[in-house]
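Accompanying notes for the structure given below.
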Amino acid sequence: MQAARGGAGRPGREGRGLERECERSPGPGVAMPPGPCAWPPRAALRLWLGCVCFALVQADSPSAPVNVTVRHLKANSAVVSWDVLEDEVVIGFAISQQKKDVRMLRFIQEVNTTTRSCALWDLEEDTEYIVHVQAISIQGQSPASEPVLFKTPREAEKMASKNKDEVTMKEMGRNQQLRTGEVLIIVVVLFMWAGVIALFCRQYDIIKDNEPNNNKEKTKSASETSTPEHQGGGLLRSKI
């Protein structure tokens, strides 16, 4: 009889408890429930009420945030931003942050705010992080958003990028100054050439205007030397 109840050997605690529940005989006129043992009515009612309450809470809780992105990424800080559905009233947010492959978790929560971004600080450079975002409403918290993985840059890389930008700006300024100087030199040379050409044209006009007077003087001097006159006014004649 003992082997039939609990199998071979003595029955365990679960077997004895089941036997006690099943050995309780109902009152007169009450039918026995089917099976070896039926759940008590109170336990079934509590389970049903718990399921209904859980379903109601899940129906009223907000949806998970969408479009979760990480921007303004630096070696020791970053900014997480997200969006929520328009027809949902959200009064806060909760962010869980952890390193990849590390169980340590940082939890950031803020209520009575409508902001859609949060700054992450005290990050380690060249490290991968995972963040989840949850929306908070009066009914409770939403499910966690899709995980977002990001990696912080190295401080040396950030400084190198910054120095490269500064060098580029300086080179652009120097090139602009050189171009301005070259333009000024070209303009000065052009003005000088224009002045030289104008002076040459003026001298050429003066020489051209004086040329007829010189020709008249040359003709007059040539005529005087070719026909010499006598002191008395007559021409000299040779004696034969």
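Any Cβ shown, glycine's included, is placed from N, Cα and C.
Pulled from Swiss-Prot, these are the features on record:
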COMPBIAS  1-10  compositional bias 'Gly residues'
COMPBIAS  11-24  compositional bias 'Basic and acidic residues'
COMPBIAS  210-221  compositional bias 'Basic and acidic residues'
COMPBIAS  231-240  compositional bias 'Gly residues'
DOMAIN    64-155  domain 'Fibronectin type-III'
CARBOHYD  Asn67  N-linked glycosylation site
CARBOHYD  Asn112  N-linked glycosylation site
REGION    1-33  region 'Disordered'
REGION    210-240  region 'Disordered'
SITE      Arg106  site 'Required for dimerization'
TRANSMEM  181-201  transmembrane segment
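Location within the structure of each feature annotated in Swiss-Prot.
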residue	record	DSSP (3 states)
Asn67	N-linked glycosylation site	strand
Arg106	site 'Required for dimerization'	strand
Asn112	N-linked glycosylation site	coil
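Per-residue confidence over the domain 'Fibronectin type-III' (64-155) averages 92 (mean pLDDT, predicted model). Residue pair Asn112 (N-linked glycosylation site) / Arg106 (site 'Required for dimerization') shows a Cα separation of 21 Å. Long-range Cβ proximity for Asn67 (N-linked glycosylation site), meaning a same-chain Cβ under 8 A and a gap of 6 or more residues, is found for Ser81, Trp82, Asp83. Counting neighbouring Cβ atoms within 10 Å of each of the recorded positions (Arg106, Asn112), the lowest count belongs to Asn112.
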